[in-house]
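As annotated by Swiss-Prot, ATP binding site applies to G9, P10, T11, A12, I13, G14, K15, T16, with the evidence given as sequence analysis. Residues annotated as substrate binding site in Swiss-Prot: T11, A12, I13, G14, K15, T16. Look at Swiss-Prot and you will find 34-37 tagged as region 'Interaction with substrate tRNA', backed by sequence analysis. Sequence annotations record features per position, and here Swiss-Prot assigns site 'Interaction with substrate tRNA' to T100 based on sequence analysis.
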Amino acid sequence: MQKVLAIVGPTAIGKTDLAISLAKKLNGEIVSGDSMQVYHEVEVGTAKATKEEQAEVKHYLVDTRSVFDEYSVKDFVDEATEAINDIGEKNKLPILAGGTGFYVNALLNKMQLGERKEEDSGTSQKWEDYLKQNGPQKLWDILNEKDPEAAKKIPVPNSRRTMRALTVIDRTGKKFSQQQKKIEPRYDYLIIGLNSDRQEIYRRINLRVDRMMQKGMLEEAKFIYQNRDKEHQVLQAIAYKEFFPYFKGEKTLNECVEQLKTASRRYAKRQLTYFRNQLPVNWFDPLNDPDCEDKIIKNIEAWKNE
């Protein structure tokens, strides 16, 4: 079975830097596990590796789509699987640098995501129409009736996950939660998780947002805002929608920046919760342990020799 190394953790913890360092030392190539880094129009807000970093180590699933393309978790899994096969054929180590927990999980494990795109999109359209007419609470109520265990793990505002669960239920006729329990691994994988003191992570997140503003975050957000009438996933991405009130003249720029920092901190907390509850992660602290990377490499070498 193909071995795959995954690097996960909250935003701003240093996943990209570690993935690049490990790729150089372990003869690896990187597959982005972030659902937003595929879009070539958005650079700053998605915190992609720089062009220089991408030149040093080959990256897959970065800048491969337009924000106006349809792109599902199934598309991600199909493309990432192809990338991992390519890397494996070169006798290199595939390194998944991931931020989006469900995408990472769906790739590493055989989750039911639909066999044909037509079926998947058709069923989803039904629930998207229902959401527009009735709102997230009533959508979630339906999931709660059909599958209370699945609903318990999905917050009411997360309509996309609610629709995904309902889509799987419609397509298979089985509870989403039951299918989640029967997951089989797709690869022989090792997951390295980065985490540290919460306040330090929050401080780094605040600094990252400030740097993003200096690099042109507002221009990217304006592009997304100007195209808000078109259906695309980036509309819901943290880093863009927080600035819509500024463009509407409802809030000051500083208020929106603070709102983005708050949203990013909450997202980091949700990331940690998902990885802790859904995946077998080996945790390390890169901010307080000077020997962190050496320990990680020892962990990886032991796994590679199994």
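Cβ atoms are placed via backbone N, Cα and C, with glycine included.
The predicted model assigns the region 'Interaction with substrate tRNA' (34-37) a mean pLDDT of 90. The number of other Cβ atoms within 10 Å of the Cβ belonging to P10 (ATP binding site), over all protein chains shown, comes to 26. Between the CA atoms of K15 (ATP binding site) and T100 (site 'Interaction with substrate tRNA') there is a gap of 12 Å. A 10 Å cutoff on Cβ-Cβ distances gives K15 (ATP binding site) a total of 24 other Cβ atoms nearby, all chains included. In the three-state DSSP scheme, A12 (ATP binding site) is classed as coil. Of the recorded residues, A12 (ATP binding site) and T100 (site 'Interaction with substrate tRNA') place their C-alpha atoms 13 Å from one another. G14 (ATP binding site) sits 15 Å from T100 (site 'Interaction with substrate tRNA'), taking the Cα positions as reference. Taken residue by residue with DSSP, T100 (site 'Interaction with substrate tRNA') is part of neither helix nor strand, so it is coil. All protein chains shown were included, and the count of other CB atoms within 10 Å of the CB of T11 (ATP binding site) stands at 19.
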